[in-house]
C-alpha cells in the first residue's frame with residue numbers, strides 16, 4: 001500500500017494510497033462546491049451579449065447546483081451498477097464537455113443545457129463517488145479525512161473566482177468557459193486514481209442458490225436501497241439537513257449586499273466573503289481532527305448539533321450588525337461554525353447508516369437538500385425585494401439553522417440513544433435491528449464476479465468490519481456470492 005505501513009486487520013487501510021484518494025476528493029469537492037459560484041463572475045458579460053437580465057443569467061449557476069444535488073439518487077444507481085471509477089471518469093468528461101460546448105452557445109437556453117445541465121450532472125457524478133471511496137479507505141482517521149476533503153470547497157472558491165475574472169478580462173467569457181472546460185478534465189485524473197483498497201477474499205456461501213434470482217441465475221440486488229428510509233437515525237438526519245439547508249446558505253449569499261446597504265464601501269464589502277473563506281479553510285480540517293479524538297467520536301452527532309446551533313445563533317446575534325468591525329466579527333464566527341458544519345455533515349451520515357448503505361443514503365440526502373436549497377435562498381431574495389429589510393432574513397435563516405441543531409440533539413438523545421443494557425452491535429449504531437442489517441446487506445449483493453468492475457460498491461461489505469463483530473468470519477456470512485476475483 002505504500003507509505004501507510006502494514007494494514008491492521010481486514011478493515012480500511014487508513015493511509016497508504018488512501019492519501020492519494022483524499023487528495024482527489026479534495027479537488028472534486030472544490031470543483032463541486034466552488035465551480036457553480038465561480039461561473040457567476042461571467043454574468044456581466046453574459047448579460048451584455050445576450051441582452052438578458054441578472055435573474056436570467058443566474059439560472060446557469062442555479063441549474064448547475066440543482067443538478068449537483070438533485071441527481072443524487074441517479075448517481076447512487078450508477079455507482080452501484082458500474083463502480084466509482086467508471087462513473088467518475090464519465091462525469092469528468094461530461095463536466096468538461098458541458099463547459100466547452102457552452103463556449104459556442106448563441107442563446108441562453110443553450111447555456112442552460114450545456115453549462116447548467118451537462119456540467120452540473122458531470123460534477124454530481126464525481127462528487128458522490130469520491131465520498132464513497134473516501135469511506136472505503138479511512139475508518140479510524142475518517143473524521144480527519146472528511147475534514148481535509150471538505151476544505152477543498154473554500155480553497156477552490158477563493159481560487160476559481162479570481163481565475164475566472166482574469167480569464168474573462170483576457171479572453172472574454174467564451175475563452176474563459178473553454179479554459180474552464182479544460183480545467184474540469186482534472187476530474188478524470190481524480191477518477192483514475194480511485195482504485196479499490198485490497199481486502200480479504202471470502203469463500204462463497206455453501207448454498208448460493210438461496211441468493212440467486214428465480215430466472216437466469218443472476219444475483220439480485222437493489223440499485224437504490226430505499227429501505228434505508230426506515231432507519232430512524234437516517235430520518236432524523238434527513239429532517240436536520242432539510243431544516244439546515246433552508247437557512248445555512250442565505251447569510252453568505254446576502255452578506256455583500258447587506259454590508260453595502262449598511263454603508264460599507266464596495267471593496268471592503270467584497271472582502272467580507274474572503275474572511276469567511278479563510279476561516280472556513282482552517283476550521284474544516286481542524287474540526288475533522290477534533291471529531292476524530294477517541295473521547296469525542298462517539299458523540300459526533302452532538303458536535304454536529306452544536307455547530308448548527310452556533311451557526312444559527314451567530315445569524316441571530318449579528319442581524320443588527322451595522323459597523324464594519326461587527327460585520328468582520330460576524331464573518332469570523334460564521335466561517336468557524338460554517339466550517340464545522342461542512343466538516344461533520346458527511347461524517348455523521350457515514351456513522352449513521354454504515355458503509356453498505358451510504359451510497360443510497362447520500363443520494364437521497366442530496367435530493368432532499370436540493371429541494372431545500374430551491375426553497376430557502378430564492379424565498380429569502382423575494383422577501384428582501386418585498387420588505388427591503390435584511391434583518392428579518394437573518395433572523396429567519398438563523399432560526400431555521402438553530403432549530404436544525406436543537407432537533408438533531410434532542411432526537412438523538414431521546415429517540416436514538418442506546419439503553420445501557422443493550423449489547424453493542426451494528427443494529428445499535430444505526431438504530432436498525434439485526435434483521436434489517438442482514439436484509440440491507442443482501443439488497444447490496446453484487447452481480448456475478450465476471451460482470452463486475454473491481455472497486456465497485458460490493459467491496460464495502462468486505463472491507464469494513466462492523467462494530468462489535470467477532471471477526472472476518474462473521475462478515476463473510478453477510479456477503480453472499482463474493483468470490484476472490486470480485487474484490
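Glycine too: its Cβ is placed from the backbone N, Cα and C atoms.
Automated prediction, rather than curation, is the source of TrEMBL annotations.
The compositional bias 'Low complexity' annotation in TrEMBL covers 423-433.
Annotation comment: TrEMBL describes 18-416 as domain 'Major facilitator superfamily (MFS) profile'.
Among the features that TrEMBL reports, region 'Disordered' is placed at 422-487.
Under the heading transmembrane segment, TrEMBL lists 16-36 (among others). Sequence-distant contacts of the transmembrane segment (16-36) (same chain, at least 6 residues past either end, Cβ-Cβ under 8 Å): 1-5, 7, 61, 64-65, 68, 88, 95, 119-120, 123-124, 126-127, 130-131, 133-134, 137-138, 145, 148-153, 155-157, 159-161, 180, 184, 186-187, 189-191, 193-195, 197.
Remote same-chain residues near the transmembrane segment (57-80) are listed as 32, 35-37, 39-40, 43, 46-47, 50, 87, 108, 111-112, 115-117, 119-121, 123-125, 127-129, 132, 221-224, 359-360, 362-367, 369-370, 373-374, 444, 456-457 (criterion: CB distance under 8 Å, separation of at least six residues from the stretch ends). Per TrEMBL, the feature transmembrane segment maps to 57-80 (among others).
TrEMBL lists 86-104 (among others) with the feature transmembrane segment.
Taking Cβ pairs closer than 8 Å, the transmembrane segment (111-138) reaches residues 12-14, 17-18, 21-22, 24-25, 28-29, 31-32, 35-36, 39, 46, 59-60, 62-69, 71-72, 74-76, 78-79, 84-85, 87-88, 90-99, 101-102, 105, 144-146, 149, 177, 184, 187, 190-191, 194, 196-197, 346, 350, 355, 358-359, 362-363, 366, 457, 459-460, 463-464 in its own chain, all 6 or more past its ends. Taken from TrEMBL, the feature transmembrane segment covers 111-138 (among others).
Nonlocal intrachain contacts for the transmembrane segment (144-163), taken as residues 6+ away from its ends with a CB within less than 8 angstroms of a stretch CB, comprise 18, 22, 25-35, 37-38, 40-41, 130-131, 134, 137-138, 274, 276-278, 280-281, 284-289, 291-292, 339, 342-344, 346-347, 350. According to TrEMBL, the transmembrane segment annotation covers 144-163 (among others).
Residues 17, 20-21, 24-25, 27-28, 31, 35, 38-39, 42, 84-85, 87-89, 91-93, 95-100, 102-103, 115, 119, 122-123, 126, 129-130, 133, 164, 167-168, 455 of the same chain lie 6 or more positions beyond the ends of the transmembrane segment (175-194) yet place their CB under 8 Å from a CB of it. Residues or ranges marked as transmembrane segment in TrEMBL: 175-194 (among others).
Per TrEMBL, transmembrane segment is recorded for 234-258 (among others).
Taken from TrEMBL, the feature transmembrane segment covers 270-294 (among others). Only residues 6 or more beyond the boundaries of the transmembrane segment (270-294), in the same chain, are considered here, and those with a CB under 8 A from a CB of the stretch are 140-148, 150-151, 153-155, 157-158, 252, 255-256, 259, 264, 300, 303, 307, 327-328, 331-332, 334-340, 342-344, 347.
The feature transmembrane segment is assigned by TrEMBL to 300-317 (among others).
Residues or ranges marked as transmembrane segment in TrEMBL: 324-346 (among others).
Taken from TrEMBL, the feature transmembrane segment covers 358-380 (among others). Outside the transmembrane segment (358-380), and at least 6 residues removed from its termini, the chain residues within Cβ reach (under 8 Å) are 65-66, 68-77, 79-80, 124, 128, 131-132, 135, 222, 224-226, 228-229, 234, 237-238, 241-247, 249-250, 253-254, 346, 349-350, 352, 393, 396-397, 400, 457, 460.
If one looks beyond the transmembrane segment (392-413) by at least 6 residues along the same chain, the residues whose Cβ comes under 8 Å of a Cβ in the stretch are 233, 236-237, 239-241, 243-244, 246-248, 250-251, 254, 258, 301-302, 304-316, 318-319, 376, 380, 383-384. Sequence annotations record features per position, and here TrEMBL assigns transmembrane segment to 392-413 (among others).
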Taken over the domain 'Major facilitator superfamily (MFS) profile' (18-416), the model's mean pLDDT: 86
Chain residues in Cβ proximity to the transmembrane segment (324-346) (below 8 Å; excluding those fewer than six residues from its ends, i.e. six or more beyond): 131, 143, 146-147, 150-151, 153-154, 241, 244, 248, 251-252, 255, 259, 262, 264, 268, 272-273, 275-288, 291, 300, 303-304, 306-308, 310-311, 314-315, 318, 362
